[in-house]
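Notes for the one structure printed next.
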Amino acid sequence: MSDLYAHRILILDFGSQYTQLIARRVREAGVYCEIHPYDMAESTLRDFAPRGIILSGGPASTVGETAPRLSPLIFELGVPLLGICYGMQVMAAQLGGRVEVSAQREYGYAQVYVHGHSRLLQNIEDHTTAGGEALLDVWMSHGDRVIGLPEGFKRIAATAHAPLAGMADEKRRFYGFQFHPEVTHTRQGIRILERFIYDICGCEALWEPRHIIAKSIENIRTKVGADTVLLGLSGGVDSSVAAALLHKAIGDQLICVFVDNGLLRQGEADQVMATFARHLGIKVIHISAETRFLEALAGVIDPEAKRKIIGRVFIEVFEEEAAKLPNAQWLAQGTIYPDVIESAGGKTGKAQVIKSHHNVGGLPEELNLKLLEPLRELFKDEVRQLGTELGLPFELVYRHPFPGPGLGVRILGEVKKEYADLLRLADAIFIEELHAHDWYDKVSQAFAVFLPVKSVGVMGDGRCYDFVVALRAVESVDFMTARWAHLPYDFLDHVSRRIINEVAGISRVTYDISGKPPATIEWE
């Protein structure tokens, strides 16, 4: 087996919400990478021995004495550097260039003129001007700008408002861009990053699913030994792939605990038991705990509080089950990178907390079981690739994501059994119709949301006053950003009529047309 860590890229984080997206792009190129804070210890930096370093963007200004700065060692290692947005600005500032707060900020789409010859941008373009200059369609998000190049650098890109939108020191292999090559809006962004990774840094594509599985199995066996591992199985993609990976690594030492918390989708409990216990031969303990969860959630309306309560009760159930089993010392979870990102629970802790995930923020400080998260460093697409490689069925691997707290975060405000029952039925109709009309695999995630408000309606000849549900469907590559799915009006009309006619207690159906950002995919 090739050493999948032999060629690696280091990403230094200045707090950008796009930092993990940079990592995803590097991984897509088949190269291992890690994210560390910009002020990581010099000893750790030397030990990591990267083939190249990428400096992320960030919300801070480079102008001022309190601006985050890099260790001078970064510039002395002799490895290529790529600064993105703030990363370019801080590189320029620390190497003797000049940076100012721009009077004209740039946010969103922009066209960049490619100047001169650069190894990084050679023969990469989206358009050309009448004079033959190469143009790139890019995504900008910055307030500061570089106005003076450090010694040894030349200009390689410009916009109308940022004459120095790109810079290069070819001798030292230092590069900087004011735009974001990691986002999909920058059309040639992946080509630019691959040029840096392969040609400038000399990395090879070693980060492949089969190698990841082999290394994960080795790590799991080393860490766990002969202990028994409990896995909280939800039936979603992440916990399902975690179960398959762990079962391949330790076999019967894995015991899956499936907790029916009363917040699952229609028929989900039966489906999970059929798939894992009967078809895959994995030992699954089915625990019915609806009353326990609903009692703990009674009167709670704050979404953060609900997530943490659901996480706490899950842990309590697992600990009680572990006490019944010999050698049960580990709690495994299907935590993946996006969970950690939105909880700002990664290695850097620089990003702002958007929402905590029950797999991360809901864990009590004193956990009586050791935590095992074999997918923690993987993105959703990598998890699906592993699932396919492990032989899981297509319909399971490519099932839409379902949050760990379940319907608890799809019921706005207080969670009640009545609300969950209504939502289950409405959601099942929506998903059924998506399958029937060949839309399910065309959208990335779809579900119904229960709104704790009532609306006047007319049923037959009488007035009714019942609840409202919202339908949500999005398209996304990475779940870091998403656009609302433009489902046909006739389809939405059909789904709405079915829900109102078949689910007693719902009188109105709405459709959510919010993108991410500014909205998150889940409502809570």
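Glycine is no exception: its Cβ is also placed from the backbone N, Cα and C atoms.
Note that this is a predicted model, so its numbers are computed, not measured.
Here's what Swiss-Prot has on this protein:
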| type | residues | note |
| --- | --- | --- |
| ACT_SITE | CYS85 | active site, nucleophile |
| ACT_SITE | HIS180 | active site |
| ACT_SITE | GLU182 | active site |
| BINDING | SER234, GLY235, GLY236, VAL237, ASP238, SER239, SER240 | ATP binding site |
| DOMAIN | 8-206 | domain 'Glutamine amidotransferase type-1' |
| DOMAIN | 207-399 | domain 'GMPS ATP-PPase' |
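Projection of Swiss-Prot feature records onto the structure.
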{"residue": "CYS85", "record": "active site, nucleophile", "Cβ neighbours (10 Å)": "24"}
{"residue": "HIS180", "record": "active site", "Cβ neighbours (10 Å)": "23"}
{"residue": "GLU182", "record": "active site", "Cβ neighbours (10 Å)": "28"}
{"residue": "SER234", "record": "ATP binding site", "Cβ neighbours (10 Å)": "24"}
{"residue": "GLY235", "record": "ATP binding site", "Cβ neighbours (10 Å)": "20"}
{"residue": "GLY236", "record": "ATP binding site", "Cβ neighbours (10 Å)": "21"}
{"residue": "VAL237", "record": "ATP binding site", "Cβ neighbours (10 Å)": "23"}
{"residue": "ASP238", "record": "ATP binding site", "Cβ neighbours (10 Å)": "24"}
{"residue": "SER239", "record": "ATP binding site", "Cβ neighbours (10 Å)": "25"}
{"residue": "SER240", "record": "ATP binding site", "Cβ neighbours (10 Å)": "27"}
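Taking CYS85, HIS180, GLU182 as the active-site residues under consideration, the smallest Cα distance to GLY236 (ATP binding site) is found for GLU182.
According to DSSP, SER239 (ATP binding site) is assigned to a helical segment.
Each of LEU233, VAL241, ALA242, GLY334, ARG399, PHE402 belongs to the same chain as SER234, GLY235, GLY236, VAL237, ASP238, SER239, SER240, is absent from that list, and has a C-beta within 8 angstroms of the C-beta centroid marking the ATP site. Across the structure, HIS180 (active site) and CYS85 (active site, nucleophile) place their CA atoms 7 angstrom apart. Between the CA atoms of GLY235 (ATP binding site) and GLU182 (active site) there is a gap of 31 Å. In space, CYS85 is the closest of the recorded positions CYS85, SER234, VAL237, ASP238 to GLU182 (active site), judged by Cα positions. With respect to their backbone Cα atoms, SER234 (ATP binding site) and CYS85 (active site, nucleophile) stand 39 Å from each other.
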